[in-house]
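**Student:** First the structure, then my questions, so here it is.
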Amino acid sequence: MAPSGSRSVQRGCRRVVYWIPVVFIVVIVAWSYYAYVLQLCIESIDDIGEKVVYLLAYHVTFIMFVWAYWQTIFTRPMNPLKEFHLSYSDKELLERANRGESQQEILRRVAKDLPIYTRTNSGAIRFCDRCQLLKPDRCHHCSVCDKCILKMDHHCPWVNNCVGFSNYKFFMLFLAYSLLYCLFITATDLQYFIKFWTNGLPDTQAKFHIMFLFFAASMFSVSLASLFAYHCWLVCKNRSTLEAVRAPAFRHGIDKNGFSLGFSKNFRQVFGDERRYWLLPVSSSLGDGCAFPTCLVNQDPEQPSSPEGHSANKSATDAQFPAKPLRDSQSRLLTSTPSWTESDSAEDRERKGTSNPIMIIENEM
């Protein structure tokens, strides 16, 4: 067989293997529906009122859970815009240049007009050799998808997709509704699970479904609760899983709180400004995924502390904006305070201690 044909077969096999965890979840959910609706509610519960209430509440939770799961799986991860890709001439220059400072000179020239503030730990421009592009802030290359993903959080095998800017809200709602789904089943199945051990249930196949349903829902509740709590903490801090493991490096150095704007703005960056969309798996996140406002902490390590004696982490509340304007929804994150305008004179900016557009925001942490 030709090498290209062999690679195609391997890719096809990998795609099939990647769907196994999703198929496993689908089978578990389908069985839980059968066990709860048919075996518990219809076969085992005698009270009509209790049966109706349980079925209505169950189906609302089930629909929201499946909807969020579907959105997480089938929402395509967003990739960097074409502005971040090297032009043909820049690619040729980069190939001819010696590795090291000469290549960085080319990358710095390309990056000067792009909204890029993060660097590698050594201070170099973040560049993806496989995609031939300058990585936007919070963008990482996924080895499974073989693409650069905007605001990549992680590649999740349970959804066979990269969790990033385009579907992170859906992933959060998937965790929330799946946890609610498991807790609801555990709570409503508890009394019948107790009857199973006290021989209060008729000797039918329903009793075994009720027992295993309680065990499965309880175990999934524990794991989902810990995972959901962790991602809630990440949202509050405006960090991704990758940034929690390794803090992002900026031009002024490594800063784990570099993107944090306070709880309210951090939350709205993921869930949006419209409250009616917060609990729905529809797209409402702010921004375009390529540019993020940054809270510059410890920008100058030699700068003296403030006269009030506050620590650097407490007093640093400057939010630096990308060189190019953010989308309107992203810029609204910081509209509560005045900002520099293009008409500001160089002398005014110099007097206020900066040469870049900077906005002072409230520290909501």
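Along the chain as shown, residues are numbered 1 onward.
Using the three backbone atoms N, Cα and C, a Cβ is placed for every residue, glycine included.
Just so you know, TrEMBL annotations are computer predictions that nobody has curated.
Pasting the relevant annotations from TrEMBL:
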type     : residues : note
COMPBIAS : 297-318  : compositional bias 'Polar residues'
COMPBIAS : 331-343  : compositional bias 'Polar residues'
DOMAIN   : 125-245  : domain 'Palmitoyltransferase DHHC'
REGION   : 297-365  : region 'Disordered'
TRANSMEM : 16-36    : transmembrane segment
TRANSMEM : 52-70    : transmembrane segment
TRANSMEM : 170-188  : transmembrane segment
TRANSMEM : 208-230  : transmembrane segment
**Student:** As a quick check of your reading of DSSP, tell me how many residues in the domain 'Palmitoyltransferase DHHC' (125-245) are helical, how many are strand and how many are coil.
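**Tutor:** Once the DSSP states are binned, the domain 'Palmitoyltransferase DHHC' (125-245) shows 67 helix, 16 strand, 38 coil.
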**Student:** Could you pull the average pLDDT for the domain 'Palmitoyltransferase DHHC' (125-245)?
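**Tutor:** Per the prediction, mean pLDDT sits at 94 for the domain 'Palmitoyltransferase DHHC' (125-245).
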